[in-house]
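This is the structure I have questions about; it appears just below.
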Amino acid sequence: MEKEETGSKKTVNVRDLTICDATAQMLEKAKRDGVETAFDRALSMKACPIGADSACCKHCAMGPCRLSSKDPYGKVGVCGATIDTIQARNFARMVASGAAAHTDHGMAMLDLFREVVNGNITDYQIKDTEKLESVAQSIGIETEGREMKDIALDLYKELERTYTQVDGEIPFAARVPEKTLETWRKAGIVPRGAMREIMELMHRTHMGVDQHYENITKQSSRTALSDGWGGSMVATEISDILYGTPSPVSVNVNMGCLKEDQVNIIVHGHEPNMFESILSSVNEPTLIQAAKDAGAKGINLVGMCCSGAEMMSRHGVPHAGNFMSTEAILVTNAVDAMCVDIQCIKQGLVKVADCYNTPLITTNTRAHIEGATHIEFKDHDPRACTDEVVIRAISRFKNRKGPVEIPKIQNIGIHGFSHEYINYMLGGSFRGSYTPLNDNIINGRIRGAAGVVGCTNPRVKQDWVHVELVKELIKNDVLVLQTGCSQVALAKAGLYTPEAACLAGPGLSEVCEAVGMPPVLGMGSCVDNSRILVAASQMVKEGGLGNSIADLPLAGAAPEWMSEKAISIGQYFVASGVYTIFGVTFPIIEGTKFHKLLFEGLEQQGFGKWGFTADPYEMAKLMIAHIDKKRKALGLDKGKERVLVDMATRREMSAA
Ligand code: SF4
Ligand code: MSK
């Protein structure tokens with residue numbers, strides 16, 4: 001592995017690229033096998049410094065225009081666009097793309113739900129009727145004494161507004177704490193419908209339209225909120241209704257989940273429909289027999305990335321690794337098929353899969369890859385696709401060539417903490433509530449909460465920033481909620497066991513031991529960040545921690561982010577009132593007016609704010625300082641008094 005450095009080439013140790021032992025082992029093997037991965041490409045291709053600062057614009061053919069990062073106000077684009085306009089427009093388009101990805105995913109789930117409710121699809125059913133009722137009630141649909149089908153039809157009609165509504169407020173605005181909603185209304189950023197918001201944002205960032213960075217940012221917030229409280233939230237809730245709401249389950253994570261003597265199938269992507277269907281295919285007796293006839297002991301289904309995180313949380317399907325391990329795992333030569341759908345699928349997988357004769361199978365009509373095999377997945381006949389994937393995998397197993405090398409590493413942990421389960425776990429089955437969590441924050445055992453989420457990125461040492469940050473946070477009594485590739489990073493580091501409570505500070509470990517939970521709670525995939533929003537709303541509604549999400553001792557981070565979805569997620573957390581810090585890089589020049597708006601101005605308007613540092617220890621310090629600032633504002637900085645807070649006191653505190 002070689003790194004370009006001013007003309008000379010320097011050899012890089014794989015241990016500098018990742019702390020994941022399994023990935024490191026496979027990168028060594030890739031080197032021996034002459035196989036290139038994204039780690040190699042990131043080393044040989046420096047990030048473009050002008051693009052990294054967002055100092056260029058290619059929105060029209062008078063450009064592309066390149067401004068200077070060192071002297072951002074020194075010149076303007078051919079049309080006269082300033083650095084603030086250019087940066088705000090580029091940022092807005094990242095939000096639009098990220099929000100579009102999540103909302104399109106959510107809309108696909110809603111399409112499936114409609115077809116199931118109307119009886120046009122029978123391969124899937126409504127699995128969680130309790131969740132159906134509670135989601136319906138949360139947006140004001142009457143459920144008492146009604147048929148499930150009628151409730152479901154009403155829910156479909158209501159949730160469709162999340163996407164198609166042209167005026168008014170999206171349905172899940174009803175879940176937002178009153179004061180937070182008031183802030184949005186005052187700023188004119190309550191989302192109408194996701195399609196409208198994304199369309200308007202793309203329009204406003206066209207050449208010669210919105211040329212005030214503050215006004216562009218308003219629409220960025222509105223669009224991002226239509227993702228977090230809209231598209232993503234619908235995706236999560238409908239997936240729970242159709243496939244079941246996650247509850248804690250013990251799962252093995254890491255490449256050791258692959259089995260040399262079985263047909264190994266990896267599913268990687270984001271929408272659960274295909275994964276759910278392949279789960280039933282691998283349990284089909286005729287296919288199991290076919291695998292045995294081919295000499296295998298069975299069929300081993302394993303997830304990766306976000307659909308993997310979702311299936312791990314919901315059904316306990318083993319998980320082999322996060323985004324930066326998807327090429328590396330193919331190097332084991334043990335993968336008999338990698339089946340993908342949408343988002344975060346590197347095009348580079350085609351070449352690596354080819355080297356090991358592994359079928360790389362695309363399944364979604366929206367995501368073909370040149371050189372991959374496409375077997376279209378259709379909700380109306382899901383098994384046609386997924387049975388065929390299994391058949392191809394069996395055939396590859398039969399014809400496996402060359403030695404197999406599977407890193408013998410597995411990390412067992414507890415996953416599947418939906419916000420409903422947190423409610424139940426803390427409050428009990430009869431009186432499920434957030435009261436104990438709020439009480440423990442009020443009495444200081446728990447200092448606050450942090451959402452640590454997002455991708456891995458070859459520009460930083462894989463998993464290292466996630467793991468160091470989370471260790472620092474729990475050591476300081478901050479309860480950590482996780483999703484996506486970050487959750488998998490921490491699972492591989494062994495933090496998903498109740499025993500990991502010994503790494504937490506005295507207050508948090510006391511709570512973990514009492515409840516029997518790990519200090520880090522995994523909530524699923526990247527659309528499941530909506531679960532963190534719902535949990536935050538519940539904390540506000542419970543009382544004692546202020547009246548809006550911005551009042552909570554809560555912070556968020558995406559320490560190794562890479563995707564545009566992460567920017568949309570960051571913006572909806574900020575607009576919801578959360579201090580959100582990103583690592584790796586931040587696509588804005590420090591000191592510009594747009595930078596000041598995102599990093600200071602939004603907070604002054606009653607929202608959260610952005611932060612940036614690539615250093616996990618600095619990140620933890622900033623997050624803890626913010627949590628302490630919020631504790632102080634709530635009058636909770638008077639030491640760790642072990643007081644019991646009754647309802648009356650809590651109401652008084654909230655009113656203060
Ligand atoms: Fe240049 Fe303005 Fe065209 Fe952008 S919109 S490419 S800044 S002329
Ligand atoms: S898969 S968006 S790398 S979390 Fe959701 Fe992981 Fe980030 Fe993709």
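Glycine is treated like the rest: Cβ placed from N, Cα and C.
Note that the coordinates shown come from a computational prediction; the quantities given were computed from them, not determined experimentally.
According to TrEMBL, the protein carries these features:
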| type | residues | note |
| --- | --- | --- |
| BINDING | Cys48, Cys56 | [4Fe-4S] cluster 1 binding site |
| BINDING | Cys57, Cys60, Cys65, Cys79 | [4Fe-4S] cluster 2 binding site |
| BINDING | His270, Cys306, Cys344, Cys455, Cys485, Cys526 | [Ni-4Fe-4S] cluster binding site |
For the recorded [4Fe-4S] cluster 2 site formed by Cys57, Cys60, Cys65, Cys79, name the remaining residues of the chain with Cβ within 8 Å of the site's Cβ center, in chain order.
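Going along the sequence, the neighbours come out as Lys58, His59, Met62, Gly63, Pro64, Gly77, Val78, Ala81, Ile86, Met207.
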Show which residues of the chain containing Cys60 ([4Fe-4S] cluster 2 binding site), separated from it by at least 6 in sequence, have their CB under 8 Å from its CB.
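For Cys60 ([4Fe-4S] cluster 2 binding site), the qualifying residues are Cys79, Met207.
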Which are the residues of the chain, His270, Cys306, Cys344, Cys455, Cys485, Cys526 excluded, whose CB is within 8 A of where the CB atoms of the [Ni-4Fe-4S] cluster site average out, their centroid?
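Near the [Ni-4Fe-4S] cluster site, the remaining chain residues are Cys305, Ala309, Asn322, Phe323, Gln343, Gly454, Gly484, Ser525, Ser563, Lys565.
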Taking a cut-off of under 6 Å between Cβ and any atom of ligand 2, tell me which of the binding-site residues Cys57, Cys60, Cys526 pass.
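Correct list: Cys526.
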Which ones are near Cys56 ([4Fe-4S] cluster 1 binding site): of the binding-site residues Cys65, Cys306, Cys485, which have a Cα within 10 Å?
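Cα within 10 Å of Cys56 ([4Fe-4S] cluster 1 binding site): Cys65.
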Can you go through the binding-site residues Cys57, Cys344, Cys485, Cys526 and pick out those with a C-beta less than 6 angstroms from ligand 1?
Cys57
For Cys57 ([4Fe-4S] cluster 2 binding site), which residues of its chain lie six or more apart in sequence with Cβ-Cβ distance below 8 Å?
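Counting only residues 6 or more apart in sequence, the Cβ neighbours of Cys57 ([4Fe-4S] cluster 2 binding site) under 8 Å are Gly63, Pro64, Cys65, Gly77, Ala81, Ile86, Arg89, Asn90.
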Could you state the whole-number distance in Å separating the C-alpha atoms of Cys344 ([Ni-4Fe-4S] cluster binding site) and Cys48 ([4Fe-4S] cluster 1 binding site)?
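Between the Cα atoms of Cys344 ([Ni-4Fe-4S] cluster binding site) and Cys48 ([4Fe-4S] cluster 1 binding site), the distance comes to 21 Å.
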Between the Cα atoms of Cys306 ([Ni-4Fe-4S] cluster binding site) and Cys48 ([4Fe-4S] cluster 1 binding site), find the distance and write it as a whole number of Å.
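Spelling it out, the Cα of Cys306 ([Ni-4Fe-4S] cluster binding site) and the Cα of Cys48 ([4Fe-4S] cluster 1 binding site) are 28 Å apart.
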At 10 angstroms around each C-beta, which of the binding-site residues Cys65, Cys79, Cys344, Cys485 has the fewest other C-beta atoms nearby?
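Selected from the binding-site residues Cys65, Cys79, Cys344, Cys485 on minimum Cβ neighbours within 10 Å: Cys79.
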By a simple count, how many Cβ atoms lie within 10 Å of the Cβ of Cys56 ([4Fe-4S] cluster 1 binding site), its own Cβ left out?
18
Drop a 10 Å sphere on every Cβ of the binding-site residues Cys48, Cys306, Cys455, Cys526 and tell me which sphere holds the fewest other Cβ atoms.
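Each of the binding-site residues Cys48, Cys306, Cys455, Cys526 was scored; lowest Cβ tally within 10 Å is Cys48.
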Across all the protein chains here, work out how many other Cβ atoms are within 10 Å of the Cβ of His270 ([Ni-4Fe-4S] cluster binding site).
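Taking every protein chain into account, the count is 30.
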For Cys306 ([Ni-4Fe-4S] cluster binding site), what is the secondary structure by DSSP, using just helix, strand and coil?
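Where Cys306 ([Ni-4Fe-4S] cluster binding site) sits, the three-state DSSP reduction gives helix.
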